[in-house]
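Swiss-Prot lists 148-172, 180-203, 214-242 with the feature compositional bias 'Acidic residues'. Under the heading domain 'LRRCT', Swiss-Prot lists 123-161. The region 'Disordered' annotation in Swiss-Prot covers 146-263. What Swiss-Prot records for 202-263 is region 'ZID domain'. Among the features that Swiss-Prot reports, repeat 'LRR 1' is placed at 43-64. Swiss-Prot lists 65-84 with the feature repeat 'LRR 2'. Look at Swiss-Prot and you will find 89-110 tagged as repeat 'LRR 3'.
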């Protein structure tokens with residue numbers, strides 16, 4: 001796919017002034033030149049044109065906010081002074097896998113005062129004697145060369161990690177902001193869960209209290225029923241005793257009458 005067509009696809013119905021990041025890797029440049037980019041991309045901060053058969057940067061537009069530029073695996077051999085004129089705020093530049101041979105070619109980057117990381121890996125220039133010492137000497141502003149500083153300490157995974165806080169509120173948040181939002185959501189979920197558990201405990205206690213009250217009422221009813229039963233049994237025993245006494249009296253009455261007749 002040609003670079004110009006690829007750019008139109010990457011816009012996704014946005015205007016060039018709304019684009020902060022543009023990845024054009026593996027498309028095809030025409031005659032090794034940049035095409036489809038213009039000064040309208042004034043908000044562009046990240047541009048990647050890796051493996052696009054690029055030979056020249058002469059048609060690179062003015063990109064005042066560009067901070068990271070990926071140009072790896074192309075055929076660029078010079079003309080780096082264009083970067084100092086049109087992209088003065090670059091902090092990261094990847095030229096690995098290009099045809100850069102001489103230190104004089106790289107010296108043009110000395111005017112990029114904000115440049116912190118430069119990658120020339122797999123370029124012929126890396127075969128020069130004292131290559132690293134010479135680059136650090138000529139480009140005193142850089143911290144990392146081919147991923148390592150002068151003390152051979154490896155660079156962080158991304159030079160943009162420290163720049164996440166620079167985004168405006170209306171721009172896309174960085175990964176840290178997403179993580180913060182996720183943490184807040186987790187805390188809210190945990191809080192909601194805690195409240196639900198408290199409510200469940202309150203409901204459970206209320207239920208137990210009601211059950212205890214019901215049990216006490218049932219015990220009282222049982223006691224009252226038992227007392228009534230005992231009273232009824234006592235009344236029945238009294239009735240039986242009275243009936244027995246009456247029967248004995250009836251037996252005695254005929255005997256008494258017989259005694260009177262004999263007299």
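Glycine residues also receive a Cβ, built from the backbone N, Cα and C atoms like all the rest.
Per DSSP, the secondary structure of the repeat 'LRR 2' (65-84) breaks down as 4 helix, 3 strand, 13 coil. Mean pLDDT for the region 'ZID domain' (202-263) in this predicted model: 56. Break the repeat 'LRR 3' (89-110) down by DSSP state and the numbers are 8 helix, 3 strand, 11 coil.
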